[in-house]
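Here is the structure we will look at.
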Amino acid sequence: MHEYFVTQQLIKIAEDELKEIKPKRVLSIKVIVGELSGIIDESLKFYFDVLTKGTILEGSKLEIEQKKALLFCNACHEYFERTKDFLCPKCKALGKLTQYGKEFYIESIEVDDGDEN
Amino acid sequence: MKIKVIKDILQKNEFSADSIRELAKENRWFLINVMGSPGAGKTSFIRTMINAFKDKFNIAVIEGDVASTIDAEEISKLGVKVLQINTGGACHLVADSINEAILNLNPGKNTIIFIENIGNLICPSSFDLGENMRVVISSAAEGDDKPYKYPIMFESSDVVVLSKIDVAEVIGFDMERYIKGLKAIKGDNLNLFKVSFKTSEGLNELEDYFSKLFSSYFNHK
Ligand SMILES: [Zn+2]
């Protein structure tokens, strides 16, 4: 149910962006979703198809790019992908959370604006 | 043609949360967003706080629930203003619903407002409610792996209350592992209280902390 609300927001933002441009057709919307954002891709897609009906986005494709969560090792000063106990695979030191993995934003919108070029 | 956007999808909620922050500042409200799994002890925490502070401060409660009004009824018996929000299935509260609830609740100036969020460790952490503070209630009964599984919930919280410590030993709760996970997430900012709402263990420390916090907030201009 989380995704119902966020999909509404997503559609509103896209509609605002497209107000000036008034494209013939919206081809796709690309969304970046971090592993720790709590967003389930399948739910997002489901609501996107349902909630875009009757909007300028109807029939467009929702592209989701997933981002892995990265932790930062205090000992080796390197990023590593989240492990079960947050331990660095190289030196077994405890890692800490970073901004990587929390992403949730619209990256771009692709439209057909009727321009042959 | 490709249009670059890069816009946070939760921005509308952020606007609404900002308006709550403004109202709170004007009216000197202190909003506490209480999060945690179902059964972790969110209502017990709020009940404990009400009993400890209702004679000293104005307190009001916004009860979020998927459908029932059981918690709201229980809290209203304690003699504080309560407003129930039923989300009709949604897994978290949003700032818009808090804005509306506060209007209906009419808490008056200088009030501590507890918001009991919906019971889960994922969704509520993403939604700013314009609160002054976030508290996560995490029970020993749920296991010591919670910080590793739901790091954002713990990262976004100012206070972690580990409840049901009376059962920790029986179920083999590994305190060291739990705290290690929290430290990885919170660093030196870890504000952990280990309590049992059943045996009252640890409640003095918890009440002490909030007593100081409320006193300094409401005595300051
Ligand atoms: Zn390392």
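Yeah, the Cβs are placed from backbone N, Cα and C, and that goes for glycine too.
Lifted from TrEMBL, the feature list:
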type	residues	note
BINDING	A:His2	Ni(2+) binding site
BINDING	A:Cys73, A:Cys76, A:Cys88, A:Cys91	Zn(2+) binding site
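Features recorded in TrEMBL, as mapped to the structure shown.
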residue: A:His2; record: Ni(2+) binding site; CB count, 10 Å: 22
residue: A:Cys73; record: Zn(2+) binding site; CB count, 10 Å: 20
residue: A:Cys76; record: Zn(2+) binding site; CB count, 10 Å: 14
residue: A:Cys88; record: Zn(2+) binding site; CB count, 10 Å: 19
residue: A:Cys91; record: Zn(2+) binding site; CB count, 10 Å: 13
Alpha-carbon distance [A:His2 (Ni(2+) binding site); A:Cys88 (Zn(2+) binding site)] in Å: 32
Listed binding-site residues with Cβ under 6 Å from ligand 1, out of A:His2, A:Cys88, A:Cys91: A:Cys88, A:Cys91
Cα-Cα distance linking the residue listed as 'Ni(2+) binding site' and A:Cys91 (Zn(2+) binding site), given in Å to the nearest integer: 37
C-alpha spacing of A:Cys76 (Zn(2+) binding site) relative to A:His2 (Ni(2+) binding site), in angstrom: 37
Subset of binding-site residues A:His2, A:Cys73, A:Cys76, A:Cys88, A:Cys91 within reach of chain B (CB-CB under 8 A): A:His2
A:Cys73, A:Cys76, A:Cys88, A:Cys91 excluded, remaining Cβ within 8 Å of their centroid (Zn(2+)): A:Asn74, A:Ala75, A:His77, A:Glu78, A:Phe80, A:Pro89, A:Lys90, A:Lys92, A:Ala93, A:Gly95
